[in-house]
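Student: Can you keep this structure in mind? I'll have questions shortly.
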């Protein structure tokens, strides 16, 4: 990229703006870039190659061969290997039969692929001393994610879409750039890429959102709907961060004891909170005990708040997915605990209420 | 409704639950019910007739003849008149040529109709001493409103949809009941209603959302999408209320002087706030000066925050729609003011930045 044309320069500058806005990297960092060979990751590598001196960072590549789509996956791998050799970049490649793994773990292929990929990136970063893992998600991915979550029945968290930075480790410098801009950029700098044939398969929810829902909304309702969704998710992100910080503080103040897989919270402290914060405190407490919020819905959280607020429930308990049980203890304490034994067995000794068929709204899915 | 069947009783009980949850009426109240003659308002009147003893309220009806759709509008009026006479209910009828009014005011017919209707209800309530105005909006209206706002590019406020209570005056007791339940209720109690032919006209955005978008989403993405949207708007409502209360307090603390159509705010007080609250404080300040947020977008609010945070801008100003101007005064004061003169004239004396083409995202439209 010695002689960049004006579009490519502007593109790079905009990505630099996103990197700076979110403090994505610091001087001296080593950044591992996840590279599939598709346009997004190839653009990401090229941008980083152009910025690495300015940012004072070193970069390396990681490629996971999912062993899906037969010879295509091998051709992707070869493409990435050739690129790395040509540009003298460090590259780690791993192969994993994702379809087989999905069957073993009873996951859908997308979810299995995601798990395997993130696990691989994490492992390489840890072993080779990378400070950050950069991924090629862009603005259209983000908008599609918000819409996917919306049609699946998300809570406000799902409307945040794809976070620019996650766990202070995963960074997404292209998150404000559109798919069209990425292709124009690649075209201008004459960088080739591989095309993933499964992108056109509308049996995947994401592809149906991309190829059916968004064009329908743009044509019939609002040609600028993408900009509207981007703006909405930005406001939600800001407000969500703020409410989360408030809830974390409130949880610390309300916690009377904390052990591994168990937390005790003062019921009067919970009941004096605003309902909006109360719900977030319970969610944060569940997260600290359960380590994730899979299969936990807003209904569960509301039921816990109701259970906490009700008189005469001392000694009773409430069952939640993931072997989580909520007890009302003496001295106005709410105990959230992960049970070692299956709840079915425990249930004999406790009067419990069971939840069924509750949908999670807390998994943004990226 | 002497002998209510079980469905009608359950329906009435659920509406009573909504009335109590939101403190919609108090004993001794007089409630004016807006009646078009359609299923929603007829169900609303019937429910109130069944509950008026329990709630210790008196009811009256108001009907606006929009003089649209020729003879249909007159037949609606006659239907409502006959119903009121038959049930010995007070009724106020008014006729207004809404199409003509829309042309005069350069409004679309829906907006003109809405303005004329609310103005009429307010006037009757005021003249005849009604404490509340009850409207027939129901769950499907609410969900359609959320989706309409979403596709138009709303902020979080638009996701709240239709508020169950507005200005402590307008109440919507059917807001948790579905259209299907309302029709079943009317069928069971054998209450007839008029059908509005314009409901099928898909040139109206609301009708396209109802007849095209929702069925498409239900069929292709999620049969339970209505429940998801209802849940989302409930959470947003709770969090939005909380953030609004925080922002109102923060604005009071930051205000150094307040006059008619002008407010002075301490810039350091604004700059120490979290960005999420800062934006809401500015919005509340604009609302207090401008009396509404028409044509004000989140971009304007963000620009004001940026303008407030920037050094060396003292003496400069920022133009907003509705003859609103924001000044950075001496002693770190931000002044938001409604100008009597057109901003074009003022602009000569001030270095200003102009906004163009900004869309409001703050009008839930009901």
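Glycine is no exception: its Cβ is also placed from the backbone N, Cα and C atoms.
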Student: In TrEMBL, which of B:321-343, B:344-366 is labelled region 'Disordered'?
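Tutor: Of B:321-343, B:344-366, TrEMBL gives region 'Disordered' for B:344-366.
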Student: Let me make sure I understand the structure: which of the binding-site residues listed (B:37, B:38, B:39) has the fewest other Cβ atoms within 10 A of its Cβ?
Tutor: B:38
Student: For the recorded ATP site formed by B:36, B:37, B:38, B:39, B:40, B:41, which further same-chain residues have Cβ atoms within 8 Å of the site's Cβ center?
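Tutor: For the ATP site the neighbour list reads B:35, B:42, B:43, B:136, B:193, B:194, B:196.
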Student: According to DSSP, which kind of secondary structure is residue B:37 (ATP binding site) found in, if we only use helix, strand and coil?
Tutor: coil
Student: Which ones in the same chain are close to residue B:36 (ATP binding site), with CB under 8 Å and 6+ residues apart in sequence?
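Tutor: Set apart from residue B:36 (ATP binding site) by at least 6 residues yet with Cβ under 8 Å, we have B:63, B:64, B:76, B:80, B:136, B:194, B:196.
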Student: Other than its own, how many Cβ atoms are within 10 Å of the Cβ belonging to residue B:40 (ATP binding site)?
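Tutor: For residue B:40 (ATP binding site), the count of other Cβ atoms within 10 Å is 24.
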